[in-house]
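Features as listed in TrEMBL:
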type    : residues                              : note
BINDING : Lys78, Gln141, Gly173, Asp204, Lys347 : UTP binding site
BINDING : His174                                : substrate binding site
Amino acid sequence: HTKKDLDGFRKLFHRFLQEKGPSVDWGKIQRPPEDSIQPYEKIKARGLPDNISSVLNKLVVVKLNGGLGTSMGCKGPKSLIGVRNENTFLDLTVQQIEHLNKTYNTDVPLVLMNSFNTDEDTKKILQKYSHCRVKIYTFNQSRYPRINKESLLPVAKDVSYSGENTEAWYPPGHGDIYASFYNSGLLDTLIGEGKEYIFVSNIDNLGATVDLYILNHLMNPPNGKRCEFVMEVTNKTRADVKGGTLTQYEGKLRLVEIAQVPKAHVDEFKSVSKFKIFNTNNLWISLAAVKRLQEQNAIDMEIIVNPKTLDGGLNVIQLETAVGAAIKSFENSLGINVPRSRFLPVKTTSDLLLVMSNLYSLNAGSLTMSEKREFPTVPLVKLGSSFTKVQDYLRRFESIPDMLELDHLTVSGDVTFGKNVSLKGTVIIIANHGDRIDIPPGAVLENKIVSGNLRILDH
């Protein structure tokens, strides 16, 4: 394993040393041709064939499970954080696939790409699904050495990764999926079982459920020519200006990330009018194509240089790649512009508040927007630093407020919410430094600004 990892790292590091300047020439970036990004409605309008079960039996669901819950103040894999009715991201994923397998009498397996950070904890948890109707496989992504920013030498002294060496290694981003999946032998196993496509998504994107219409479009293309790679994109809002976008570049569809954009063009890249869509990281990829390209060493992904500062203050860089960047290496690639509901990532406790609230209802592991909500979009929620960690966040809500009629919520400072609070319109709650605001049980706040100090005591 270590040898394969270091081989992969050496290739990436050599490329990093050779490539100078931005990886894209801004002058060559064009809008993608009309037919290269299809509206989801058009794909859905084709309906479903009678033999949808046999189509489903050729699918594998892959979840990217390498991330830790550190940004939300949790130890261990992010996928084990409870998001709804005690269910974790992993629970919801297994429920969704089990529901599919039972409904259509199929055998869609779940594959988790773990990192060395998440592997052990995830495997312990997997025992609880042994009675579910889902086969679960795991493989590990690579482990690469972090590089000292000044000397460009590895920080690690040897290949162990315990003790003081723990911080010397990192998982090199989800672009590593192609090599790791192939090296694990699992790719060949699944092809041997007759599987043809993988549906890849981030485990923290609760909108990334198996879509039968997209799958049918892949397996039964209208023009008879199969796509090897489909990227789900969705329309940008003001909140998504940093998301990677699909462009036409030297005759191929290409994913351009903000890190690759020359500084002079960053504002143009962020513009919602010129680049209207962004990548959700829900990807449908042909297994046979992955095998072919991996064997030809033909998967080309731009290097993302991610600077980090270790606990001791040492500046390091880690070289990463992104799974969607490989789109240009595949034949007949396609973007599908999907509804926003397929992009529901939980990156912060502000996102967590939305998915725990009555804005969504939970059915067989899938979250759908409540019919009682009159607007198609979700409210904009910004919780301050007192809410960053999951345990602090949970302590501050006696129950999750009613948010069906909420447009915008900003909370800052030491604020707690009693039971059965209802929030409507625009609500801003700001506790000044040293003050505390307790929103009383049953309170209805509609278009209100609450500031200063408010404490209601029982007598």
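For all residues, glycine too, the Cβ spot is worked out from N, Cα and C.
Where the annotation comes from TrEMBL, it is an automatic prediction and has not been curated.
This view paints the features noted in TrEMBL onto the structure.
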residue: Lys78; record: UTP binding site; Cβ neighbours (10 Å): 24
residue: Gln141; record: UTP binding site; Cβ neighbours (10 Å): 28
residue: Gly173; record: UTP binding site; Cβ neighbours (10 Å): 23
residue: His174; record: substrate binding site; Cβ neighbours (10 Å): 24
residue: Asp204; record: UTP binding site; Cβ neighbours (10 Å): 22
residue: Lys347; record: UTP binding site; Cβ neighbours (10 Å): 14
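Closest in space to His174 (substrate binding site), of the binding-site residues given as Lys78, Gln141, Asp204, Lys347, is Gln141, taking the CA atom of each residue.
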